[in-house]
Amino acid sequence: MVKPKIAPSMLSSDFANLASEAERMIRCGADWLHMDIMTFIQRMGSHFVPNLTIGAPVIESLRKHTKAYLDCHLMVTNPLDYVEPLGKAGASGFTFHVEVSKDNWRELVQKIKSNGMKPGVSLRPGTPIEEVYPLLDDENPVEMVLVMTVEPGFGGQKFMPEMMDKVLALRKKYPSLDIEVDGGLGPSTIDLAAAAGANCIVAGSSVFGAPDPAHVISLMRTSVENAQTIS
């Protein structure tokens, strides 16, 4: 049975008070802090997402103020370039997208691990779940899969329940895998994700916008625990 991990998305926090926001989330019961790293770097005429967020300098600054697990999700076209800077900055997990790593994922996974981070792979809603299987079946596998339940790039989007088929398939094939979901998670959608087998829950506006964030975090954890008991 995999442990529930609730990861508030710091993209929804007050960036002017990032350290205090991180402390508040941990005090409210968060297990991880989810850090979205997006760029506008172009490759072959395209870019992965249309906006910019935090990078290694912010991770380094935040690390001085927290011992929390910093769950970094890289929505970039060139994740290999970010491994060493994020490792030195103090990132805990490094999740890259399968769509931009088809040619070098083995090198990427090895480099992530050698820089002291936990490797994960993510996929966009339109990407078949089968594309991550080779990364899980390899001799040196990734240790987490992040199933995007919205299109990456912006917070506050509507949860896509059809993505739960991917979570179900993953949980059936890999019972002990950390399976993360990100996008539109909150009190109204957590039960669907938990029942499908997700155990790592990223939630942004539903936590930071709540009158009582601790209650929302507790509710989501309980949903995951109850689903595991039933299954």
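Cβ coordinates are placed from backbone N, Cα and C, and glycine is handled just like the others.
Per TrEMBL, these features apply:
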- D36: active site, proton acceptor (ACT_SITE)
- D182: active site, proton donor (ACT_SITE)
- S9, H73, G153, F154, G155, G156, G184, G204, S205: substrate binding site (BINDING)
- H34, D36, H73, D182: divalent metal cation binding site (BINDING)
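By the criterion of other Cβ atoms within 10 Å of the residue's own Cβ, the least surrounded of the binding-site residues S9, S205 is S205. Cβ neighbour count for the residue listed as 'active site, proton donor' (all protein chains, 10 Å cutoff from its Cβ): 27. Taking S9, D182, S205 as the recorded positions under consideration, the smallest Cα distance to the residue listed as 'active site, proton acceptor' is found for S9. G184 (substrate binding site) counts 23 other C-beta atoms within 10 Å of its own C-beta, drawing on all protein chains shown.
Take the CB of H34 (divalent metal cation binding site) and look out to 10 A: across all protein chains shown you find 29 other CB atoms.
Same-chain residues that are not part of H34, D36, H73, D182 yet have a Cβ within 8 Å of the Cβ center of the divalent metal cation site turn out to be A7, S9, L11, M35, D71, C72, T95, L146, V202. Annotated pair the residue listed as 'active site, proton donor' and H34 (divalent metal cation binding site), C-alpha to C-alpha distance, rounded: 10 Å. For H73 (divalent metal cation binding site), other Cβ atoms within 10 Å of its Cβ number 27. Put simply, S9 is the one of the binding-site residues S9, G184, S205 whose Cα lies nearest to the Cα of H73 (divalent metal cation binding site).
In this structure the C-alpha atoms belonging to S9 (substrate binding site) and H34 (divalent metal cation binding site) are separated by 5 Å. Between the CA atoms of S205 (substrate binding site) and H34 (divalent metal cation binding site) there is a gap of 13 Å.
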